Amino acid sequence: MSWGPVHFPAMGTRDTIRTAVANVVPPAGLTRALAVQAMVYAVGSGLFHAGSAVFFTRALGLSAAQVGLGLSIAAGVSLLGTVPLGGLTDRYGPQRVWIIGLVLNAALFATYPFVGGFAGFLAVVVALAAVDASTGVARQVYSINALPPAERVTAMAYQRSSLNVGFGLGAVISGVVLAVDTIEAYRGMVWFIATVILVTALFVRRLPRLPQVTRPVEPMGRLAVLRDRPFMTVSLLSGLLTAHGVLYLTVMPLWILTHTDAPKAVIAALVLLNTVLIVLLQVRVSRGADTAAGAARASRRGGLLIALFCLVLPISGVTRGLLTVVVLVAAATLLILAELIESAGTWGLTATLPPDDQRGAYVGALRLGEQVQYLIAPAGLTALGVTTGGWGWFPAAAIFVLIGLAIVPAVAWAGRTPRLGSPAPEPAMTPVP
């Protein structure tokens, strides 16, 4: 009797586990190094996001209104500075800008405990916004320049998966700080964050140095990229699709609290579901987005999934008990899939559309669309989805369908149009009959 067939399921199980691990643990080399630094940085970032509101009010003695005003002004600085600060990467190199930005970031965090009043708080958060704008562009440009085209989107997916692991660890640490709830604990928190950022800078310093990209003979002005209408159209459409974050973390919780009978604990469970699925699935669903056309299709699918979420979520307003929770989990899963796929599309566009010699300026311009979304999505989507009582979800769904359908021709338009400062493509030769 042959026992061979008995072993086949075990082999299948091992292969499944191996595949699952490969989709979470990045391969050795530069991809893994970038993922590790992302996770280390995210520990500090996750800690601050979870504990900042209490730190600002408890340790710095600011009012909620002062905190909100300061953060709004900082967001405006980030919006205005994204494009001109992105150009620093083209001038000085992504790795240098990235390291200097991290060191400045750490120094600014270290000064937080010494802030006296609103003016000092405003100075720090505005400076942090400017530094973050340049550092974010430099990080993306380095990842793109350092890796071959076929590996860029996958590497960014591994980084995002690692970021979520780091965010989770930071949130756990913040729970300890909030439980202690002393001024000394909050000061120690920001100094710990500053240390984590410096460790990240050391990681970045040890990354391979890249050859300097040849700059154009006649470089663009700092805001010239804004005249590239096809590219800026893609930036706006792609940026609007990142509203999945506002929907998940702001609008959906407000809907659950005001229009459903679900327990409040469901909100925390859905946040955990988001973290787990991103860690497990981000790399897998990012395949196929490493070309401009593939990235456009991924963005379209993301937009259509957001629209489907907008149609499923309001059902939870007319259900009761366990069925409400089931509907909420289904809606949340749709939105998570939209986030996973749309993110891959954004990375693909970031990696393929900007020209090599002006990548910093163009990556900054692509991020501008996301900044615009941050200004309009929280108020707009809350008004449509929550304030209307539910019927506003239908026009919201229609908006995301239109955006999703529009982004594919917009990317095609940008693809056949030369970037500013780049030579126009030579016309194809037609044989003379």
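Heads up, the Cβ atoms here are built off N, Cα and C, so glycines get one too.
Looking up the ranges 231-256, 361-386 in TrEMBL, the one annotated as transmembrane segment turns out to be 231-256. Between the listed ranges 63-85, 86-108, TrEMBL ties the annotation transmembrane segment to 63-85.
Between the transmembrane segment (163-180) and the transmembrane segment (304-337) there are fewer than 3 Cβ pairs closer than 8 Å, counting only residues 6 or more apart in sequence, so the two stretches are not in contact. The transmembrane segment (186-204) and the transmembrane segment (391-414) are not in contact, since fewer than 3 Cβ pairs between them lie under 8 Å (pairs 6 or more apart in sequence). Recorded stretches compared: 38-57, 63-85, 231-256, 304-337, 391-414; the one with the most Cβ pairs under 8 Å to the transmembrane segment (262-283) is 304-337.
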